[in-house]
Each structure stands twice: as C-alpha cells, then as structure tokens.
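Participant: Straight from Swiss-Prot, here's the annotation block:
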REGION    1-100  region 'Disordered'
COMPBIAS  18-31  compositional bias 'Basic and acidic residues'
COMPBIAS  43-59  compositional bias 'Acidic residues'
COMPBIAS  85-94  compositional bias 'Basic and acidic residues'
DOMAIN    121-211  domain 'RRM'
REGION    269-302  region 'Disordered'
COMPBIAS  292-302  compositional bias 'Basic and acidic residues'
Amino acid sequence: MSTDKRNQFLDAGDSEDDAGHGYDSEEDLQKGGRSAKRRRVDDDDSDAEDVSDQEEEHGEDGATNLREGTADSEAARDDEEIAEEGPKDDKADLPAELPGVSKPLAKKNLVASEAAIKKSGVVYLSRIPPFMKPAKLRSLLEPYGKINRIFLTPEDPTEHTRRVRNGGNKKRSFTEGWVEFVKKKDAKKVCDLLNAQTIGGKKSSWYHDDVWALKYLNGFKWHHLTEQISAENAERTSRIRAEVAKTTRENKEFVRNVERAKVINGIQSKAAAKRKKTDDSEEAAGSGEAVGKTEGESAQDKRRTFKQILLAKKRKHEEQPAHVLRVLSKIF
C-alpha cells in the first residue's frame, strides 16, 4: 500500500489561489487551456454575433441617413428663407457697422465765446523734443487738462534738406509751440508740475529723457498769436515784393545797358568801314583816319546829345516917356 507523500495543506492552498485568480485569455492560450472543439464552437458563436451586430449597425445607419436627409431638407428650406430675408437684415445692420460716418471730421472750437476766451490759458513751449508730432504732444499734456488748440513752428526747410542730404532722419521736426488750455488754472498747473522735469514714461520711449520747457503766458490769448503770425506773414510778403521789384529794376537796367552798348558798337563799326573805303593812299589813309575819327566822334556825340529848344525871352519892361508919366500922374 502506497503512502501519500503530498502535503494536503499545500494542495489546499494551491486550489484557493487558483479560484481567486482572475481570467486571462493570453495565459489560457499559452497553456493550452481549451480544446480545439471548444474553440471551434466559440468561433461559430462569435461569427453569429458579428453578423447580428452588422445587421444592427446597418439598421442604425439607415435610420441615421433618414434623419440626416430630413435635417438637410429642413436646413435647405431655412437657407432659402434666410436668403430671402438677407437683404433686409443687411440694410438694417448697416448703420450699426458704420457708427462714425455722420461725425464731422474737424474738431469743434471749444473757446469761441468771450467768456470762454477769458477763462482760457496759453502755454508756450520754447523747445519741442526732436521729431515730436502735435498728436504726441497732445497725448502727453491731455491728462493735466482739456486742450483746445496746438500750434507748432516747423523747422527751417533748408536745415531739413541739409540733414536728409547728409543721411539724417527724414522726419519733420518743430522748434517751438503754443498750447491752448480750456481753463487757465490747468495751464498754470501744467507749468508748475512739468517745467524743467523729464517727460518720463516707458524707458524704451523716444522722449523718456527729454526735459519740458514750459511757460504760462499771463494775459496772452490765442487771437494774439494769430495776429502775430499774420503780421509776420505780411512782413515777409512785403519784403519778398521789395526784393522782386529791386531785382526786376536791376534786370531792366542791365538789358538797357546791353542794348546801348550794341548801338554804340554798330556806330563805331560803320564809321570804321567808311574810313577804310575813303583811304586811297598811306598819307591819305592817315589824314582820312583823323578826319574819320573826328566825324565818328561827332556822330556819336550827335547820337548822345540832344539839342534843347531855347525858350522865348521875356520882354523887358520899357520906361515910359516923361510927358506920359506927367499926364498919368495928373490923372491918377
């Protein structure tokens, strides 16, 4: 009789581990867990399930196609209705797309009445940072008060041309300017805060290290500036007219002198030709030259001098005879 050498406790532990372990298809295939017949039956069942799944999918696809067809037809009808209503909607939305068409291009003058002129103040800028435009200046000073007008004096055109010719910056620069604030207290505040101070802002800014040079013009209004500019323009115009008149007079005098020189040269050439014709011999040529010279000079003098007509002399007061004087004395 054979003895059982296997440990029952160990066998029981193995069975519990197998029961607790989950299903793994890859391990069964490696170990040959199922027979060929079992696999064949499972394959047939899986094929049948695949066919049924395909039929269900075809059925669902047909239903979805029908739903999509109906949705497409409804979308087409909606598109036609939108196309019919489209022009009306575009016309209705046009004012909303262009909100600023009716606004005027020019800014309104805020200092028009006498009271507004009295309240306004003008600030003078003796130096404008290089290549700073009026829009940039307005953006820098606008936070300190409401600005009405700005005028900047442009640089000399010859200086700009020279700089561009030498390879410098082509931008326009300004030398000085005037800024009109709506309220004079804002103008005074700007001068007190910013005068002799750096412009500041971002360090990458072009004008970060430039210094403000502002001065409040007490009692100065904008119309004074326009009068000064008009006076300067009138003075420049009169100066240009005087220069043009002077140049024209000099040109006329030059042309007159040229014509006179031509006339004198023609007279002298004709006199020389006459002298050559009248010369028959060397002696006669010498005498002829002397005579021709005197004739030429006399002809030139005749051309240059004008004989004046003598005026009639006034009659001298004749003395009356003695008997006439005696008779006249008795009468008067």
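Placement of Cβ uses the backbone N, Cα and C atoms for every residue, glycine included.
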Participant: Over the domain 'RRM' (121-211), what is the model's average pLDDT?
Facilitator: 91
Participant: Work out, from DSSP, the number of helix, strand and coil residues along the domain 'RRM' (121-211).
Facilitator: 31 helix, 23 strand, 37 coil
